[in-house]
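Notes follow once the structure below has been shown.
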Amino acid sequence: MFPTSLIRSTVNPAEIAHFSRLSALWWDEHGEFSFLHKMNPVRMQFIREKILEIARDEQPDLSGNNPDILNGLDVLDVGCGGGLLSESLARLGARTLGIDASESNVAIARHHSTLDPRLSQNLSYRHTPAESLLSEHKQFDVVCSMEVLEHVDNPALFLSTCAELLKPSGHLFLSTISRTPLAYLLTIFLAEKVLGKVADGTHTWSKYIKPSELIEFFHKYRSPSQHPEASRPWITRLYGDGVPTRTEAEVRGLVFNPLQAGWMLAPRGAWGATECNYIFWARKPALESALDSIKS
């Protein structure tokens, strides 16, 4: 599934140096990160809709669109870059911590947040890798890591780190790129080599992760912080085509529409929609469900 490694840190120094050189460009909506600026509202749409969907499953009397579904939640943005997602989360009331292994990224994010005094109440940043938060026994209601997984060393360690930074019943959101010929054509050959929309060397095709690999990981993953008998996999059931039940995990394609110059969230099950960019959600098992596995 994922390459094995003895590395106990997921930080790739070359990747961090690359994005540090680009850090001043984070808030240029027409520059290096223009695609992420356009993608950000779609990522936020999925985060809000998925958390609300699960909340309605558990509270059928929950009414309306409920724009405050993130209000008061503790949210971690791993690999926050210049703070695009972090600021959006904080504006919806989430107590947001953005972390990044690039010191210059964090400096840019902090500076930009000062332009909106309303963010000071519930948005903070730290220059630190995700692994360091584990030693502090930090846990969050929601952990997000967008366009990061394809840049880390030891993706299995990175995923388990994000998993253990979640509270029981917490929500994990990842967006990344699938390892397919189409993804190489669009994200490397065209975006980097031909059009120059993205700096050459930003992506490495061999580090892309297929949705099926994420599903397989969480179908097997058990929390090392719990007693083996009190831990169960995050994904307990897969349908015949390898699709998990929507209350445990979900994959949706992120599709760029060149005619509208914008991104859209592909419908569930849309053919070929996850061949390039996609967003993944999984939910950490509730503590009581893990304990129930012992009784049964």
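Using N, Cα and C of the backbone, Cβ positions are placed for all residues, glycine too.
Pulled from TrEMBL, these are the features on record:
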- Arg43, Gly79, Asp100, Met146: S-adenosyl-L-methionine binding site (BINDING)
- 76-174: domain 'Methyltransferase type 11' (DOMAIN)
- Glu147, Glu150, His151: Mg(2+) binding site (BINDING)
Have a look at the binding-site residues Arg43, Gly79, Asp100 and say which one has the shortest Cα distance to His151 (Mg(2+) binding site).
Gly79
To the nearest Å, how far is the Cα of Glu150 (Mg(2+) binding site) from the Cα of Gly79 (S-adenosyl-L-methionine binding site)?
11
Around the Mg(2+) site formed by Glu147, Glu150, His151, which additional residues qualify by having Cβ within 8 Å of the site's Cβ center?
Gly79, Val148, Leu149, Val152, Thr176, Ile177, His203, Lys207
Secondary-structure category, per DSSP, in which Asp100 (S-adenosyl-L-methionine binding site) falls:
strand
Taking the Cα atoms as reference points, how far is Glu147 (Mg(2+) binding site) from Gly79 (S-adenosyl-L-methionine binding site) in Å?
8
Return the residues near Gly79 (S-adenosyl-L-methionine binding site), defined as same-chain residues 6+ apart in sequence whose C-beta is under 8 angstroms from its C-beta, sorted by sequence, else 'none'.
Ile99, Asp100, Ala101, Ser145, Met146, Glu147, Val148, His151
Would you give the longest CA-CA distance, in whole angstrom, between residues of Arg43, Gly79, Asp100, Met146, the set recorded as binding S-adenosyl-L-methionine?
19
Set of same-chain residues at least 6 away whose C-beta sits under 8 angstroms from Arg43 (S-adenosyl-L-methionine binding site):
Leu85, Met146, Phe173, Ser175, Leu254, Ile279
For a three-state summary based on DSSP, what are the helix, strand and coil counts in the domain 'Methyltransferase type 11' (76-174)?
42 helix, 30 strand, 27 coil
